[in-house]
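Novice: So that we are looking at the same thing, I have put the structure below in structure tokens.
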Amino acid sequence: SFFSGDLFDSNFDTTGLEAIYPNGKQVRVGCNVGYRGFFKLICKEGQWDSRGKPCEPRTCGHPGDAQFADFHLENGDDFVFGSQVVFTCHKGYQMVSRKSYRRCMADGWDGDHICSCPVINVDNNVQVIGDPDESTYGNVVRFTCKSSTEILYGSAEMYCDENGEWRGNVPKCKEVKCTVPIIEHGFVRGKIQEYKEHEILPFGCDARYKSIDVRSSKCTKRGITAEWSPTPACECKLPPPLEGTNYEPTSNNVFIPGDTVRVICGNKHWISNLWDTSAEATCKEIGDWTLRPVCQEVTCSNRRPPHVNYWTVKWGQQIKMDDTVTYSCQWGYKKTDGATNASCTRNGWVPNIFCQGKLCKPLHIDNAQITHNEKNIYRLDEHVRYTCRNDAQRDFIVTCEERGWTGIKNCSECQTADEPHGIVAGPYNDTLYYSCKIGYKLSTKGWWVEAKCTDGVWSGFKGCIANTMCGNVPEIPNGRVTPCEKSKDAQITCEDGYHAQVTSLTCHDGKWLSEGVSPETFCKLTAVSCNPPRKVDNALIVDSYQKEYLSDSTVTYQCRDKYIILDHEDTIQCKEGQWEEKNIMCTPYCDKLKDESINFTADKERYMDGDVIEYQCVLYGIEGNATCNNTEWNKSEDCKGKEKCNVTGLPPGKEKMNIGHKLRFYCDHQFAIDGSTEIECLQTGEWNAAFPLCTEKCRVTGFSDSVHLKTYEEGNQLRKGQKLSFYCRYRGDYLRGKAEVECLASGQWSHSYPTCGDPSDCEMPPPIADGDTTHSLLNKYRHGDWVQYSCQNFYIMEGYPYKRCINGEWDGQMTCLKPCTVDRAAMNSHNISFRYKQDNKIYSPHNDHITFVCTRGKTQVGTLEMRQRCVDGVMQLPTCQ
């Protein structure tokens, strides 16, 4: 399947490939003579996945200039394998060579060739970037060490000159080592003269001098050199004043123990902590300052915040106070509180959270279960697949959108219906539709029937029977038909007042035979009956409806709510085919008026239509009257009552509080109040604030000396929702853990306190879609290490092609943008074709343009232009008709 698939390239060297590979096997495919490339195949569940680049022609470089001649490229588009250049002599000169052309072969240009440099041989631990085997004039080769624990000695790059010689010395990679430094006013303990990487330099300072940094000096690799970090030095003097730093007094630079100096910082600097702009430092007996007398500039992190797609911060850029950046959020996220940009302040970035996501909670659908992507929370545009519990073939996908879940469908409570002799359609909203196959029929009337799902059972369908069988016995007026168990007959029984004209039915060839008598007249009336009784307004009959009523039968009327029959004559009787004549009428009434806002004297529980009562408002004494009209009271004056507020969630007491009443709340000592300490009952009957809660306090104890708190008053206990922010006390240290912790309602912190120290290593870098790293991966990387990525062929990289290990996390964003494919079938459906021949290609990379024209006899319709651009694998097609 590989040789006939899309991944196959005719320039592959397929010799040595096996016929079958197991799942997960990686195979590196070589290139034919004259081609080069890095192409890796990975067997994944019966399909080949690819990494790297396909085979490309080897380059021969520039063919070299010939004296008194020019040349042009005749075959090919570049100086690569298979191309050919033709030389033409200047006027007055003639060709003395037997051939006027040169061809790019697998081992370079044939014929006379320009000067090339010899092969460069390096040690196995040296990484070569470039081609050390086939280099001609102007080619450059660069070198690095394969191991991050080694350092390069020699030239970092070499280039091939016009004489065919390499400029520079072939480098070597050696173990990182540091020599013992000379320390002014200090000394190194021991006799060791060389230290390996990460080893600590044991040194001390003379009397009244102190190391300028509290951290130990460590042998550290810096780029292509090895040095002590931090630099070992001893002093007791003010550091060189930085921009924004001033000292008082200004005359001294060297101090004796006990001397003090005031450090004054500018508006965009800090001392001691981010919120202090001045502080006093004293020189101690040991040659140290009570605090480091250096103002530091207020800066913000240049690490891209979570869910930010793009921002105007370059790699390594220092962000200073009052700097402003613009940014955009990833798909499914939006800017916090409608922010247009972000600003660096003394408190950090504002807004603190750049992008917020739309979230959907899991969706419950009756009689369905999630079969793909079950989670506790979903982001915008995430999909979830559901399958009906009672019909495994019925599934659907719902999508989390701005307005909530879309694509929701219903699942039936009943099991999947199965009728061997019938045709089933549905269910549609818990309804099935049946019909029978040829040779069968329904046991009921008609050729199709509807079935409803009720309490988990399909009702309304009793199956299909053979055409030669009889279905259900017919329903007859004023009687019933009862099938016999052991014969094809059915017995007919009539109700009282009726007699049977036919006593039995016989099933013959799928039909019930009744001696020619219609089922409607099987039971014939023997006594005079009455038609249904007359209708009475606002009343109904409490007996079941009948088409005919036998003589002496009775019916009873009942009025609707708030209506009454005054004379209590509610029953009539059928006598010799006629109903009794009674004046039955339902009259409306009003119940006793119930209104706490008025005072009145009630002398009865029920008032008839038109009755009037007098009343007086409880507040202000306003008088009025109320009239019973069509079951409702119509009042001439509206009275306002006293509103009260409900008291909930407190120990037993008054159920309601009057307007203006106030409640004050207090918590026990170990708890903090969460909410308002005082609330008041408003005129509306509502409290002006929610009832507060008492939550446990969080204690601030036991954090590392290496970290510093931004805001904290010693001895305080913080309440729920309050936060502690940390930063490293010493320059060069990195924060390990969360920079901010929050006090929870349980009295615990949301995260453990962080510590500061050396930066953390990184695990293997993350993969990217449609791309791969350019070199083999290591299991672990040091802080500051880089990894380069590249995209598959025809994919375009958006962003910087490197990720960098920063304190245990990989920093850097890139995306491989997909190419577009325009096939002939899609163009035919739109009645278009390529305008230019060069557009007729399998792939068009991102941002490439293709111009279309209408096919003969067609005219463009719609608003899409005929020139379209490929945008990450999507190209819209114009339409012609």
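Glycine is treated like the rest: Cβ placed from N, Cα and C.
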Novice: Of the candidates Cys667, Cys681, Cys698, which does TrEMBL name as forming a disulfide with Cys694?
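Specialist: Among Cys667, Cys681, Cys698, the cysteine that TrEMBL links to Cys694 by a disulfide bond is Cys667.
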Novice: Would you find the one among the disulfide-bonded residues Cys559, Cys586, Cys667, Cys694, Cys762 whose Cβ has the most company, meaning other Cβ atoms within 10 Å?
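Specialist: Result for the most crowded candidate: Cys762.
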Novice: For the domain 'Sushi' (298-357), which partner among 113-175, 528-588, 643-696, 707-758, 760-818 gives the most CB pairs under 8 Å?
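Specialist: It is 760-818, which has the most Cβ pairs under 8 Å.
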Novice: Averaged across the domain 'Sushi' (298-357), what pLDDT does the model get? Just tell me the whole number, please.
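Specialist: Average per-residue pLDDT within the domain 'Sushi' (298-357): 87.
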Novice: What's the CA-CA gap between Cys586 (disulfide bond) and Cys762 (disulfide bond) in angstrom, rounded?
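Specialist: About 88 Å separates the two Cα atoms.
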Novice: I'd like the Cβ neighbour count for Cys805 (disulfide bond), meaning other Cβ atoms within 10 Å of its Cβ, all protein chains included.
Specialist: 23
Novice: Through the lens of DSSP with three states only, how would you label Cys586 (disulfide bond)?
Specialist: coil
Novice: Rank aside, I only need the closest one: which of the disulfide-bonded residues Cys667, Cys694, Cys762, Cys805 has its C-alpha nearest to that of Cys559 (disulfide bond)?
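Specialist: Sorting the disulfide-bonded residues by distance from Cys559 (disulfide bond), the top entry is Cys694.
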Novice: Do you know the DSSP helix, strand and coil residue counts for the domain 'Sushi' (643-696)?
Specialist: 0 helix, 22 strand, 32 coil
Novice: Rounded to a whole angstrom, what is the C-alpha distance between Cys762 (disulfide bond) and Cys694 (disulfide bond)?
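Specialist: For Cys762 (disulfide bond) versus Cys694 (disulfide bond), the Cα atoms are 43 Å apart.
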Novice: Fill in the CA-CA distance, Cys667 (disulfide bond) to Cys805 (disulfide bond), as an integer in Å.
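Specialist: Here the two Cα atoms are 49 Å apart.
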